[in-house]
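Marked as coiled coil by Swiss-Prot: 348-410. Among the features that Swiss-Prot reports, compositional bias 'Low complexity' is placed at 17-64, 409-440. Positions annotated as compositional bias 'Polar residues' by Swiss-Prot: 441-450. Under the heading domain 'MATH', Swiss-Prot lists 456-584. Swiss-Prot lists 14-64, 409-450 with the feature region 'Disordered'. What Swiss-Prot records for 87-134, 189-253, 254-311 is zinc finger.
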């Protein structure tokens, strides 16, 4: 079957490019359908989470159903549309879907476009060719889009989807439906403003979230009838006419009966009106018709009378004297019981106080005993330390004397060697005098390189105003001692208040000024403790200072924890001053003469 195309000019292009252009040209149509669906996205909600999830899924399905509405169901005067816009196979419109990816007329490379997209898909499942001319067609993607036909469809007149009772049977709602007839490309803007779309009841949605509520979902209604719906909706929120609380209309009777405290009710005894919040106090204290006990019921009167008759009851006869006497006797017994309990409590309290006093005395004795033991232990430790120091000093003195003796022997041997060399040189000069040759003299190394006697240095370094100098030391990291000489070398100490490596420790190092002298130093550094304490901080070491490491300092980077130093109870920081004792044994090394 062939049709004359008359004013239709067929243009071919790749499916991908034309599909992009087609989507842009028909974007309004797709968006308008989405907005129409959004107006109907509120569906039945129940009072539990699972039903809410199910309803959300139903909303999505409803949107997809509306997008699946065939254009042929909405088009106006379908019978007057030219046959060239109908599929030659299914006889439906060539473009029959609002989906953006399906709103197009497709054609083979020879320009045949007489088949709709659905029929093309069914045909290509069986044969890979054009239905009309037989040219090879590999897939839907190999077809091109006919832009002129597609654009023509955007101008077709359609009924508003909201003109029907629903989008399943497509039965016209002549009374309440939308009367607008629009072009397909105007659908989006129209649906944004259309007041005939169906919406779900918001009151039901909110009511379903309340706990322990059972309800029947209101049917969907059109937007423009929302005010009329709220007038009859049982779940609409209203204000209580008595207390002003916001409640659902369906709960009004329950609220008035069980919760509202401002509603007026009648007293069951006197039948006078009172607010519900006042009725209990009225009946308890004021209502003249309420039945109450006699005020002397504790004394034995068991009469039950109206409050208004109480005075009359009390004046009848003299029997209440006995009841009053009974009450007084009961009170006397109660007082006696309380006094007895009070006496027992006082005795118990005195016993506990006595035990507390005994425990305090025992604790003080134990504490004093512990302090005495600690002091004795500290004294013993100090005595042992002093003995050890004396022994070390004696050993050092003996070593010093031995070194001095060795140095004297080496000096004598060196002098003898020099004298012997001088004699030999003298003889050599005499023998070789005729030849006028003078031998060069080379001094040999003296034994062990030679050394001076050992020098001993003892002193104290007092750092006053420690807290102030500590703050000044922040900028240069240390506090420097005055210079002091040992033999021919000059030394000094550096105290690092915040540590050289770790901030929570104080560090101390011994330095030598730079020169060419080589010297071996045995040093002992001790932080003075001004109280009896177990804490002893000292550093001993032996180090050689020479030209290669003359600027290096030797000591301890973790000499004492800063917290221990600043703790007054430890006895190191007294009157904002610390004292450091130093004892140094230095041996200056003499290098051999060379020529």
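In case you wondered, yes, glycine gets a Cβ from its N, Cα and C as well.
What's the neighbourhood like for these features in this structure?
Regional average pLDDT for the coiled coil (348-410) in the model is 89.
Counting residue by residue with DSSP, the domain 'MATH' (456-584) contains 19 helix, 65 strand, 45 coil.
In the zinc finger (254-311), helix, strand and coil residues by DSSP number 24 helix, 12 strand, 22 coil.
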DSSP says what for the zinc finger (189-253): how many helix, strand, coil residues?
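For that range the per-state counts are 26 helix, 10 strand, 29 coil.
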On the DSSP side of things, how many residues of the zinc finger (87-134) fall into helix, strand and coil, could you say?
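Per DSSP, the residues of the zinc finger (87-134) fall into 8 helix, 4 strand, 36 coil.
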